[in-house]
Amino acid sequence: MSLVSQARSLGKYFLLLDNLLVVLGFFVVFPLISIRFVDQLGWAAVVVGAALGLRQLIQQGLGIFGGAIADRFGAKPMIVTGMLMRAAGFATMAMADQPWLLWFSCALSALGGTLFDPPRTALVIKLTRPHERGRFYSLLMMQDSAGAVIGALIGSWLLQYDFHFVCWVGAGIFVLAAGWNAWLLPAYRISTVRTPMKEGMMRVLRDRRFLTYVLTLTGYYMLSVQVMLMLPIVVNEIAGSPTAVKWMYAIEAALSLSLLYPLARWSEKRFRLEQRLMAGLLLMTLSLMPVGLATSLQGVFTLICCFYLGSIIAEPARETLSASLADPRARGSYMGFSRLGLALGGALGYTGGGWMYDTGHSMNMPELPWILLGIVGFITLFALYWQFNPRSSAPAVAPGG
């Protein structure tokens, strides 16, 4: 094995362990926020949704700046600083007894993510070859699912005692992750050239195809973020206990660990990336629309299974497609900007979802938010089809690319 291949192999193992810490730290805390502040403290869902949307908007919306800084100065200092800021945000959340303090803690957590997320994503592109990238994304997502259920289990168990413990454990994991990166992460340059910040950002903003693709994903993310807001609330309402939420993440973990990698291997040889993305989004859309009509835990979990299956189909294709459209001379900037769709979709999905949930209940129409989300899903499908329609533009990436 050549030195380059050995470095790539060791780098991928490092990324897997680093990703596990980040996922654990996040999911110990965030799935419990809506339960803590809406169900336990009685806050309005729109208030908590606004806090979650603010985090999404700041972290992903400012990602291009975090990526551009990493293009200029390298990945390591940005990752370590960002993880320590995320830890500080979680520690502050433990003291949140008023909405402004929850919003502040979410904003601080988001700024940390703005710094560490784009360079970590760019490192995946740097350390993987194009032909293996889709499968490595699948491994990361399998790990995300396992980490999510373990984190949610830990968080649910800690919530029985005190929400302070939930936040402190999450903060501690991010401090550990920061130390891990400070100690072992080499001083990688994530782009092929040391690109000035302004040049990297302008290179992205001039790429109209990439801009269109990223903005189109806003609707996709409006649906996907409901696993952190409305789906846990619905599960908790029907079950009458927050402990049932952990089974929602257990379902995701079981499906991901058993199906994600085989599905990615099978579909990458038969379908284009954009076809896989649209097929997954269609299933997600059809699964969310009937949620408001479900009256049993079995019915809700069946729909959640279908939703997760759609996500399993779509996510590896979405990540690989984003990476394939990025200019290697400004990877950090591209990966940072690619999160803008998540920023807009997250902000609209959380805030709008919270508002729709409150409105639907006040009008005695619990199905209202889910029907509106379904409409958003179909509009997004049409936009993706228009963008990648071979009759109007060249196809994005061939199968296996």
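Backbone N, Cα and C define each Cβ position, glycine as well.
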Margin query: Looking at 67-87, 193-213, 340-360, which stretch does Swiss-Prot describe as transmembrane segment?
Written below: 340-360
Check: Are there residues at least 6 beyond the ends of the transmembrane segment (139-159) whose Cβ is under 8 Å from a Cβ of it, and what are they?
Finding: 15-16, 19-20, 23-29, 31-32, 35-36, 124, 165-166, 169-170, 242-243, 245-246, 248-250, 252-253, 255-257, 260-261, 312, 315-316, 319
Next item on the list: Among 34-54, 165-185, 244-264, 340-360, 368-388, point out the range having the most Cβ pairs under 8 angstroms from the transmembrane segment (214-234).
Entry: 340-360
